[in-house]
Ligand code: ADP
Ligand code: MG
């Protein structure tokens, strides 16, 4: 039983108030066919909508089976429409893009009935209205009468208590109208049917009760139903439970929806994907550029690590000085006098004062400390320490003549100079070689017994068992033989043309030294040399052996108990080479830079492993001269003299002792050189030195013996000043540390060079900052000075890279905003377009949440499609795009690439953005008043 009690309903449009229903009361039986008649605008539809829960009454009550609806909430109404009511409309209101079966299933779908049961019940309902064979047709493939029968089937599918029909025959011809009326009459057999109609004859013929409505009032009722009010219980409130549609169902619903509208979905997705394509392309290009930049930076930093030498130029102060000199101000001298220009002196001094001595022992402690700030910026290649290696490598040339890698032939001759010149220009000299060479010149601190410059230690890997760093093995290939596997194997390093400097080949005994001698002589004679192409078979190279003799082994204990240097003595070196002091080295292979090598960091021609370095360091520490010197801290084991005495008397005594120990010809040579110097000094000062031992004119006539004895006589009475001069020039023993350094003793805590590898310029700058911070804390002598070559070269590159990155980020942000706005608009249009559908869904009992869910599922799916299309199209576009990029750039270094993870993120982003873009329109859709929505066409 349905009771309408004093219901009023007003519509306000502006200031105008329309009373659509004015205090209407009507009681309907559970089982009758009620026809509501009345002129247009009399409130029939309004009454029906209120009965059906599509519209709310302003006052009064609607009591359904004794349950009052005054306290109904949205979900109660939704459930009420879904389970209790079936709607039939004049304009059928079928969803055009779904087939008949799906349309009929709708109410069941909304209440969450399983697919199988849904189909079964919908099929039954369709058979009931005589449309069993048409279930897969679309509404527009049916006639009006058939469509209305589908609508009736849809109304019946949930087996509702009440069927409401609003002018169901209004759009049909008479014959069809009769069929529909017949059908409704059957429907009314076991339920309440309320039908609005214009047609009094049809009403008379089929309805069991006719209610006349006019201007919102009931004018007449053919069969009123009055219930004894005493029998009537007071209406109570009870909720109806809810009609629930699962998310999966709404997705499935949206999916069929989208599938039915393939073209539209694809177009919408494509429109949405344009933004995604834009972002994906920018991302791909920036990934490519970024990878390129990261590689470039890593390669640059591998080739030019931050290098800190024990001795370094303070380039900055040097440049500041020269800048000062450059802008030399007008000193404002008058024309009254002659002024001295001291530029040459200040220049010389600025160069010498700009040499910095770095305390690498302290700095190494800092670097090794795991808590140091600098550690986090160190790159994959780590930190490498180099030590001052002092050794000589000798070998037998094809003629079995002994050669040395330090200068090919033994002995110092006029041609030896040319030797050095060739070695300096021929070998691949590095920046630091040149610097240390110049530094040696300037400081007078030449390294004794330094390792041959053609020998280079191959950088070890970071882990202890990695003898050679991947940086080297990745960039160099073995052309024959193999990489060294132990301390005694080395590799010959060829360049890209498979060439090795010729002087190196002479020095390690692979070519005949006699030929070398000839070339040198030709050069010394001032003639032109022409050298034929010389080549070596791999077999002759691989397996070639050399002998390494450490600096300490080159000092031999003499009968006087002093150690003597024999490194330049061919016979002694030959003896050593055949003794067990010699470390055998074997060429294990030949390597060269790979064709696509990014970093060709090796500058030497013979590469040895850090294992050999360890052998040398340990052997030196154990060696006799080192042990002897360490046992005698004050007296040099080379000269037997006290280290750098501070008083003149000891120096004079040392000088006398030194001269006494010399042979005749050595004495004569010393005398000659002292006299030449004295003569030069006389010439300069203009004084006549009568006290000199002999007139320069008399000299050539005397024999060496005579000169030596005269020199002895002279020294016996000589001025202390002369002896001090002799001490400074010839005797000076240097210091204890210098002597040990000459022996090649290395303290592992005191590297001669530290190389810090970083992976990017940024990390390099951070390392620089960390060193600055270290310097700020360190005391003055412990401060670290080094030259940041890369920093000087690359600072502008870093800025440009940053600018490009920011520009790309800006582009991406703009595309994001544009694409989400576009998606929002598309969803909004879709909502407008589907207002009617929303009304239908609501009439079937869909809740506001269901509507929002359906729209969100749909936008989400469009977002998914848009994302997939975007990523797919981008992948396709990248093929010709990269080809174009490569041909424009002339290389393949920048490769635009969309990685799977960013691609996935973009798809997710597309879904999220589409959802966000759709949330407002979907919310709007869900809030649409169902009655109004149904009235829209
Ligand atoms: P009927 O179905 O009998 O033709 P309706 O129930 O549709 O009449 O309308 C009754 C009255 O209420 C009409 O005057 C109509 O203009 C008005 N009306 C109906 N719905 C609205 C609305 N949403 N806003 C304003 N006025 C409305
Ligand atoms: Mg109407």
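Just so you know, glycine gets a Cβ as well, placed from its N, Cα and C.
Here TrEMBL flags 2-240 as domain 'ABC transporter'. Looking only at the domain 'ABC transporter' (2-240), the predicted model's pLDDT averages out at 89.
Within the chain, the transmembrane segment (266-289) has long-range Cβ neighbours (under 8 A, six or more residues past its boundaries) at 804-805, 808, 811-812, 815-816, 818-820, 822-823, 826, 830, 862-863, 865-867, 869-871, 873-874, 877-878, 881, 885, 894-899, 902-903, 906, 909-910, 913-914. As annotated by TrEMBL, transmembrane segment applies to 266-289 (among others).
According to TrEMBL, the feature transmembrane segment maps to 803-832 (among others).
As annotated by TrEMBL, transmembrane segment applies to 853-881 (among others).
The transmembrane segment annotation in TrEMBL covers 901-920 (among others).
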Beyond the flanks of the transmembrane segment (853-881) by at least 6 residues, Cβ under 8 Å:
245, 247, 250-251, 253-255, 257-258, 265-266, 268-277, 279-281, 284, 823, 826-827, 830-831, 841, 846, 896-898, 903, 906-915, 917-919, 921-922, 925-926
Residue numbers, six or more beyond the limits of the transmembrane segment (803-832), whose CB comes under 8 Å of its CB atoms
268, 271-272, 274-276, 278-279, 282-283, 285-286, 289-290, 838, 855, 858-859, 862-863, 866, 909-910, 913-914, 916-918, 920-922, 924-925
